[in-house]
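What Swiss-Prot records for Y90, Y682, Y699 is phosphotyrosine. If you look up Swiss-Prot, you'll see S128 marked as phosphoserine, on the strength of a large-scale study or a structure entry. Residues or ranges marked as domain 'SH2' by Swiss-Prot on the basis of sequence analysis: 589-686.
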Amino acid sequence: MAMWIQAQQLQGDALHQMQALYGQHFPIEVRHYLSQWIESQAWDSIDLDNPQENIKATQLLEGLVQELQKKAEHQVGEDGFLLKIKLGHYATQLQNTYDRCPMELVRCIRHILYNEQRLVREANNGSSPAGSLADAMSQKHLQINQTFEELRLITQDTESELKKLQQTQEYFIIQYQESLRIQAQFAQLAQLNPQERMSRETALQQKQVSLETWLQREAQTLQQYRVELAEKHQKTLQLLRKQQTIILDDELIQWKRRQQLAGNGGPPEGSLDVLQSWCEKLAEIIWQNRQQIRRLEHLCQQLPIPGPVEEMLAEVNATITDIISALSTSTFIIEKQPPQVLKTQTKFAATVRLLVGGKLNVHMNPPQVKATIISEQQAKSLLKNENTRNDYSGEILNNCCVMEYHQATGTLSAHFRNMSLKRIKRSDRRGAESVTEEKFTILFDSQFSVGGNELVFQVKTLSLPVVVIVHGSQDNNATATVLWDNAFREPGRVPFAVPDKVLWPQLCEALNMKFKAEVQSNRGLTKENLVFLAQKLFNSSSNHLEDYNSMSVSWSQFNRENLPGRNYTFWQWFDGVMEVLKKHLKPHWNDGAILGFVNKQQAHDLLINKPDGTFLLRFSDSEIGGITIAWKFDSQERMFWNLMPFTTRDFSIRSLADRLGDLNYLIYVFPDRPKDEVYSKYYTPVPCERATAKAADGYVKPQIKQVVPEFVNASTDAGSGATYMDQAPSPVVCPQAHYNMYPQNPDSVLDTDGDFDLEDTMDVARRVEELLGRPMDSQWIPHAQS
């Protein structure tokens, strides 16, 4: 069912909330008449922080205006006349409003659609059994909303009590003035004759005694009212503090944790809109109570009555100031983090947001935010409130930005779009620590006032740890530092402490999360894959994942010490696997055509009972980012064959699918899938031209093919009658009359015992590709394509 149809079925408060989303910035009539068109557009695909996306936003604005104009033109009849005028007016209005800022239209409609979906979900969940509540409306969120309702009612009650107290006090003051008037009348009695004076004096005395008795009683009542009201405020503040703790220390901290895990490839942290609505409700209720407390203080000053209320009010006033201070400083957050691997002299972006900016009217005098980079030690000093003013670790260009208020969404934020780290000052490193293990952070700070400069707040927030690099070759190791920090940092830590060791299952979870995100695949690491990785990391032969569950992995094992017998670390090897999959092999991994995480012996064990021509692809043990083909073909010389690993460089010349297509003797993808069934959809189409056909410039275009000459010879010697593409005649080149590009002596790609030695191997395929990739000499003799 369309979202707008469901939204129209909302009732009560949900309906009012939905209606409040619309106004002059986006009329509800536009939503109604263009509902289908609006819901079919890809609003979420536009990056609001990327100025280059402005073209897409402009196209959406133009499309919206055109659809409105079309809808207006189709209105006929008496009833349609007014609607035609109205829709035409809205088209002009939206064009004028968003013509210079089309991104704001996208932001506005995204905000509307998100909240409509939320309201519909909440309404549907409310009518469902308690056990089937959706994630958007958890039991905890229900409790938060119930507490807000309780706070609203309590605040209404104290407002009524305050008005009642004010009326009572005003009447008391009137009566007190009456008692003063009676005292003045006593002074005038001396002017009267004795008989009249005595008569008037008796009446005045009776009236005075009665009034003073009332005043004494009412003074006690007023004092009691004041104390009771102060006690109610104390209870309100206790509930407010508890609610604020849940929102800031639980919900907001959880959002920040999700944001950090998203840096490792976890699910997106989610919108801040719900959190902002809670923070705004907190701000509104806190401010209402603060104003009530101030009015109560004013009443006490207006009519001083000795008692404990002055001390109580001083306490609640200090408490509520602390509460609003904590709310203001804690809701100054980084909505979009800067990159955690930060290269100098490279543009980067970030967004900070104040969740209570709209409710506290901060946007009336927009504050400026400044970004600076500080070291780990400087961050520690900052949190200890030590003086770190002007103590920075580098220079950031374009590091100041004024916060902007977006009326449609009610957000106050600063978008840093063109920052660049000009230089970095590194600290002395400890022991074996490398530059890619040194952590920095971006400090965002600002100052703003609320309540007409009544309260002034200095706010600061730190980004997630960043590792600064100066060259792309450092990216791999810097990413390892970020991954470890994001995955294993503990709550409430001192910047930026992380455990030196973690359990293997914890690392498995982090690796799987990163793997799926980098490769952009739902096919993550299986139990068998994790066993292989554990064997590699711990240099173990156990095939049971449970055997590794209690084992710890140190940071040094992860990315400081090389693997046994290798010149690279565990992380560097794993990152190379992700890199080659992401750039060239993603569809094949998703198809399940790459087994990947098996060693040479395991590959042979898997192939031993398979028919000749069965092959599998596995990640190379010897070369970072390499993938090799292992296949079975029982010849006189050997049974298993292993091709020299391909890397990203090879696949940028010729794809894996085309390379496999060239090797006709590879028939089945392990375990038993026909090769062409798996890979044919990825083959590069071959033009239907005669091989001898000449191009316009007189040259013949060569073709690159994957060949394994030694295997051709071995398979022929074994009695194979197949005709291979690899056996096509090689081109000849002068000065040798018949230079054989594929010599018949034993080839270094495949060694005689079936083991591949990287150091002693020549990559024939690469040599051929490089040769064919050069400008053609006129002495090349073309041959027909086989």
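Any Cβ shown, glycine's included, is placed from N, Cα and C.
All protein chains included, Y699 (phosphotyrosine) registers 13 other Cβ atoms within 10 Å of its own Cβ.
Across all of the domain 'SH2' (589-686), the predicted model scores a mean pLDDT of 90. Look at Y682 (phosphotyrosine): DSSP puts it in a helix.
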